[in-house]
Amino acid sequence: MRNPGSHRAADALTPPPRAAKTARMATGTLHIDLGAVRRNWRALDRLSGGAECGAVVKADGYGLGAGPVARALAAEGARTFFVAVASEGAAVRAAAPDARVFVFSGHMAGDAASLRGHGLIPLINSPEQWRRHREALPGHPFGVQVDTGMGRLGLQPSDWAALRGEMTGAALAMSHLACADAPDDPANDAQLRAFRAMTEGMGAPRSLAATGGTLLGPAFRFDLVRPGIGLYGGLPFGGAEPVVRLSVPVVQVRDVPEGAGVGYGMTWRARRPSRIATLSAGYADGLIRAMGNRARLWAGDRAVPLAGRVSMDLLTADVTDLPDVPEALEVLGPHQGVDALAEAAGTIGYEILTALGPRYARRIVGT
Ligand SMILES: *Cc1c(COP(=O)(O)O)cnc(C)c1O
């Protein structure tokens, strides 16, 4: 598949050692740079001034591996982690034995054994959860999540007013911002005022900011910030270092005549005699169907457009303008980060990351 004029693109994509092993994998290689995760945490920690910088590792560390991420960040100095549900806590506890691990969804029915067994701290969201927690795990640490306007999770103001007197000794009082990625949105200040009013005088450490809130300024940072996406290289932390690279092998290359169709529905038609590369990854691997005919792949420094719909296990790209077709094309890399790919697919970097499937060979670097 190579010709002498293409050393540059080919070299850029030359697989690292142990390629023989990964070549047997069907859908390509996902490089995860834990060194970059550590540097992103360090940068957010520095930016947070006096506030402690925690780390959100829900959804298996935004798809990159909660265990390895938590281990790397604990080594870097992170002491507080957040997961979405109790069942995610075990991997984090194993990776960071001395850390505090909070659970956003609080204390749901059936959680007691896991909360106790792994020493997890539920963030109580409702009067029902508070009753359950006191009955099932009296004396076990808890935090409080209040709803300051997002309308999703947390005690509502009336419930909080009624329970506040008995919910003493909380390890953390927190709330979540709905519009932190839009700094000028008036909802940010409204939620800040509501959070202050609801938590003033409680005596518990407080936390309001995720990645976006951390960047809104010191007023939003309180005692602890809880970045997630910024650690993994995504917006709204523009200063983040990219964490992932993804290359996908070419299965087959074909020449098609002008007018030929490609893929399901033949939504792509050759406007000239064309060369089509078929790659071994698809929407079952998180390369969501909305990318079809919109996103680009990269051969070294050269972009090639997807041609046609994304299939479950395959992609097709128009490689007519490449002097030669490398053995793999890059989906995520120096020329296209998670947010650029997300934009082409009409979504956000969070969804691209968390969708990355289990079939990739995962290469962790920079532990
Ligand atoms: C997901 C989440 C975070 C982290 O958000 P990012 O935007 O990824 O930084 C923080 N707090 C809560 C409650 C969350 O659900």
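Heads up, residue numbers simply count up from 1 along the chain you see.
Glycine residues also receive a Cβ, built from the backbone N, Cα and C atoms like all the rest.
Per TrEMBL, the feature active site, proton acceptor maps to Lys58, Tyr264. Look at TrEMBL and you will find Arg152, Met312 tagged as substrate binding site. Sequence annotations record features per position, and here TrEMBL assigns domain 'Alanine racemase C-terminal' to 243-365. Taken from TrEMBL, the feature N6-(pyridoxal phosphate)lysine covers Lys58.
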What is the Cβ neighbour count of Arg152 (substrate binding site) at a 10 Å cut-off, with all protein chains included? 10
Taking DSSP states H, G and I as helix and E and B as strand, how many residues of the domain 'Alanine racemase C-terminal' (243-365) are helix, strand and coil? 24 helix, 48 strand, 51 coil
If you measure between the CA atoms of Arg152 (substrate binding site) and Lys58 (active site, proton acceptor) and round to the nearest Å, you get 17
My understanding is the cutoff is Cβ-Cβ under 8 Å with a sequence separation of 6 or more in the same chain; which residues meet that for Lys58 (active site, proton acceptor)? Ala66, Phe82, Val83, Ala84, Val85, Glu88, Phe104, Gly228
Which state, by DSSP, holds Arg152 (substrate binding site): helix, strand or coil? coil
Averaged across the domain 'Alanine racemase C-terminal' (243-365), what pLDDT does the model get? Just tell me the whole number, please. 97
Could you round the CA separation between Met312 (substrate binding site) and Tyr264 (active site, proton acceptor) to a whole angstrom and send it over? 11
Helix, strand or coil at Lys58 (active site, proton acceptor) [DSSP, three-state]: helix
Count the other Cβ atoms sitting within 10 Å of the Cβ of Tyr264 (active site, proton acceptor), across every protein chain shown. 14
